[in-house]
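According to Swiss-Prot, the protein has these features:
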| type | residues | note |
| --- | --- | --- |
| TOPO_DOM | 1-22 | topological domain 'Cytoplasmic' |
| TOPO_DOM | 44-60 | topological domain 'Periplasmic' |
| TOPO_DOM | 122-150 | topological domain 'Periplasmic' |
| TOPO_DOM | 172-203 | topological domain 'Cytoplasmic' |
| TOPO_DOM | 225-237 | topological domain 'Periplasmic' |
| TOPO_DOM | 259-265 | topological domain 'Cytoplasmic' |
| TOPO_DOM | 287-325 | topological domain 'Periplasmic' |
| TOPO_DOM | 347-356 | topological domain 'Cytoplasmic' |
| TOPO_DOM | 378-412 | topological domain 'Periplasmic' |
| TOPO_DOM | 434-459 | topological domain 'Cytoplasmic' |
| TOPO_DOM | 481-484 | topological domain 'Periplasmic' |
| TOPO_DOM | 506-686 | topological domain 'Cytoplasmic' |
| TRANSMEM | 23-43 | transmembrane segment |
| TRANSMEM | 61-81 | transmembrane segment |
| TRANSMEM | 101-121 | transmembrane segment |
| TRANSMEM | 151-171 | transmembrane segment |
| TRANSMEM | 204-224 | transmembrane segment |
| TRANSMEM | 238-258 | transmembrane segment |
| TRANSMEM | 266-286 | transmembrane segment |
| TRANSMEM | 326-346 | transmembrane segment |
| TRANSMEM | 357-377 | transmembrane segment |
| TRANSMEM | 413-433 | transmembrane segment |
| TRANSMEM | 460-480 | transmembrane segment |
| TRANSMEM | 485-505 | transmembrane segment |
Amino acid sequence: MATDNPRAVDDQETHPKDRLNRVVFYVSALIILIFSLTTILFNDFANRALNQVLDWVSSTFSWYYLLAATLYMVFVIFIACSRYGNIKLGPKHSKPEFSLLSWSAMLFSAGIGIDLMFFSVAEPLSHYMHPPVGEGQTYEAARQGMVWTLFHYGLTGWCMYALIGMALGYFSYRYNLPLTIRSALYPIFGKKINGPIGHSVDTAAVIGTIFGIATTCGIGVVQLNYGLHVLFDLPENLWVQTALILVAVIITIISVTSGVNKGLRILSEVNIYVSVGLMLFILFLGNTEFLLNALVQNVGDYLSRFPSLALESFAFDQPKEWMNSWTLFFWAWWVAWSPFVGLFLARISRGRTIREFVSGTLIIPLLFTLTWLSIFGNSALHNVIFDGNIALAETVLSNPAHGFYDLLAQYPWFPFIAGVATITGLLFYVTSADSGALVLGNFTTQFTNIDHDAPRWLSVFWAVAIGLLTLAMLMTNGITALQNATIIMGLPFSFVMFLVMAGLYKSLRLEDYRQASASLNAAPVVGNVDILNWKKRLTRVMHHPGTFETKRMLNEICRPAVHAVAEELQKRAVQVDVLEVPLEEDEELYHLDITIHLEEEQNFIYQIWPVRYIAPNFSERGKRGKQFYYRLETYLYEGSQGNDLVGYTKEQVINDILDRYERHMTFLHINRISPGNRPLFPDPKA
């Protein structure tokens with residue numbers, strides 16, 4: 001049996017095959033196709049239209065982006081620090097799929113990308129030359145430049161990823177809902193998420209995600225183009241950039257159709273080590289003492305100035321162009337990427353508590369990101385301020401993609417290091433496109449199993465769509481067009497994120513009601529109940545039954561008990577289903593499920609699962625050389641109850657079912673009478 005809740009309703013025999021979500025797919029594809037073709041065919045018109053819409057969005061919603069980003073952060077930290085932080089992303093009996101070290105390594109990889117190579121030099125130098133307020137080319141401008149860079153890549157953005165990852169993991173692994181954004185809205189809209197509301201939400205997620213990925217790929221293409229120019233004297237133009245996009249699309253198609261994606265994952269892991277090596281190279285071959293002092297100062301400045309930066313709208317200074325190019329762009333970019341990275345974070349975090357998840361997401365990748373930005377950013381600033389290389393800063397202002405390579409040119413073995421940086425950037429670029437195609441395919445598929453991936457042809461389509469959109473943006477106005485489009489396209493999903501917060505909080509409140517109902521004593525049982533005497537109890541504790549005895553217990557005790565309860569409820573006009581599903585690991589055994597339907601409220605599900613464990617050496621079964629034994633464990637909707645029915649009588653099994661049912665009814669009652677609450681619950685068979 002798997003470590004997570006083994007439910008009959010999850011068995012593939014009871015479900016249809018995965019299928020395309022036609023509405024989300026066709027609407028998203030049509031919007032992207034129209035946008036891309038219009039941009040490619042009518043360059044000037046598209047550029048003017050983007051600028052006009054951007055002016056409207058920035059003048060109308062700049063305050064909103066700042067406030068929204070801060071509220072996302074406050075919500076995530078509040079949930080993690082509250083009592084809800086103990087709730088697991090999955091049933092309460094679930095265990096993490098990955099060890100702490102492996103999980104940390106995967107979180108670490110989430111913090112690395114080609115955009116870090118681009119902005120680690122370009123942003124600090126841009127702010128140093130032209131800060132949003134105050135005089136440029138001063139020590140204060142240098143400090144501001146690093147603080148703004150850390151702020152744009154800091155806690156606020158990672159909280160957006162954590163919010164979506166937390167919601168996806170909670171609703172998918174605890175409530176068995178699809179691994180899509182609409183699932184988080186079930187507590188608000190109920191089954192309406194299967195209609196236009198859900199389609200709109202998922203479409204907004206797809207549109208935002210593909211623009212976020214296209215922006216990253218576009219930035220990567222421009223930077224790689226310059227890297228190839230440095231190494232092989234290739235020209236910097238749209239033709240070379242188009243060829244790079246085509247190469248990425250082809251590699252992605254090969255990856256998703258031939259199974260070499262495992263090889264790409266290995267390469268991306270190697271890439272992490274190479275990236276760390278590149279960072280250490282700059283640290284130890286540069287002015288190490290200065291860089292370490294600057295790192296400590298940067299962290300201190302970031303922490304001390306963070307409260308004022310979080311809501312800094314420059315209401316009086318009004319550097320509109322600066323806001324559009326930096327803070328608004330970054331917040332929209334984080335919003336656009338949040339479904340993509342959130343899905344990745346959710347998938348690797350099943351079985352962890354919300355507090356563990358948020359802590360890991362906010363600390364591990366953030367530490368690396370801040371260290372990378374500080375080392376490269378301060379190296380560039382040191383080269384400009386103390387070595388007098390003002391040309392580096394001027395180059396960044398005119399061609400930001402040149403900054404990273406021009407900084408590397410100041411160090412020994414430049415051709416070799418530039419080659420390593422180019423290969424690293426290319427792999428980051430390809431893996432972003434590859435992962436993006438997979439995630440977009442998942443968002444446009446209706447799965448019968450949340451662990452499935454989208455069909456290959458769908459991932460191929462999205463790989464081509466990412467390439468087409470990236471090319472369209474580069475043809476319009478390069479990186480500026482990508483930034484402008486991200487600010488615009490990230491806006492709709494930013495509203496969805498507030499609905500995600502509301503749905504998640506509403507569902508977490510139900511955990512309080514469930515806990516309260518579980519703590520209440522069931523009604524006293526009247527009559528002569530055969531309570532296990534101490535000798536029977538001792539025999540039961542020491543017993544480790546095999547397949548034969550477990551099957552006998554199921555057939556002679558558990559099955560009659562379950563059917564007795566079902567028949568009595570059916571006499572009272574209650575809809576009840578009983579299922580017997582063979583185990584995959586031992587077809588002689590089966591698990592028993594009884595589902596009591598409660599109309600619009602959450603159904604009561606009680607399951608009896610034979611769970612196989614390794615027989616302990618001290619047991620009689622272990623001494624006889626038998627490898628396994630079984631426990632008859634009970635599962636409710638929220639997961640394992642931790643008990644074992646082996647040795648129970650029929651009446652005791654019936655009493656256990658009724659105790660759990662009564663507590664469930666108490667839970668529904670508490671939820672029903674709570675102020676302002678509507679009892680909308682996920683349908684486990686949906």
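Backbone N, Cα and C atoms are what each Cβ position is placed from, and that goes for glycine too.
If you look at the topological domain 'Periplasmic' (378-412), the same-chain residues 6 or more away from its ends with a CB under 8 A from one of its CBs are 117-118, 120-122, 124-126, 128-130, 139, 142, 145-146, 219, 222-223, 225-227, 230, 281-282, 285-287, 290-291, 294-295, 298, 418, 421, 479. Ranked by the number of CB pairs under 8 Å to the transmembrane segment (23-43), the listed stretches 61-81, 204-224, 357-377, 413-433, 460-480 are led by 460-480. Each of 61-81, 266-286, 357-377, 460-480 was scored by its Cβ pairs under 8 Å to the transmembrane segment (151-171), and the highest score goes to 357-377.
Tertiary neighbourhood of the transmembrane segment (61-81): same-chain residues 155-157, 159-160, 162-163, 166, 310-313, 323, 327-328, 331-332, 334, 354-355, 357-359, 362, 491, 494, 497-498, 501, 504-505, 508, selected by CB-CB distance under 8 Å and a gap of 6+ residues from either end. If you look at the transmembrane segment (485-505), the same-chain residues 6 or more away from its ends with a CB under 8 A from one of its CBs are 50, 53-54, 57-58, 61, 64-65, 68, 71-72, 75, 79, 160, 163-164, 166-167, 170-171, 181, 184-188, 201, 204-205, 207-208, 211-212, 214-215, 324, 328-329, 331-333, 335-336, 338-339, 473.
In this chain, the transmembrane segment (266-286) lies out of contact with the transmembrane segment (460-480); the count of Cβ pairs under 8 Å, excluding pairs fewer than 6 apart in sequence, is fewer than 3. Confidence across the topological domain 'Cytoplasmic' (172-203), taken as the mean pLDDT and rounded to a whole number, stands at 90. For the transmembrane segment (357-377), the partner stretch with the most Cβ pairs below 8 Å, chosen from 101-121, 204-224, 238-258, 266-286, is 101-121. Among residues of the same chain six or more beyond the topological domain 'Periplasmic' (481-484), those with a C-beta under 8 A of the stretch's C-beta atoms are 47, 50-51, 54, 214-215, 218-219, 324-325, 329, 473-474. Taken through DSSP, the topological domain 'Periplasmic' (225-237) splits into 8 helix, 0 strand, 5 coil. Put simply, of 101-121, 204-224, 266-286, the stretch with the most CB pairs closer than 8 A to the transmembrane segment (238-258) is 204-224.
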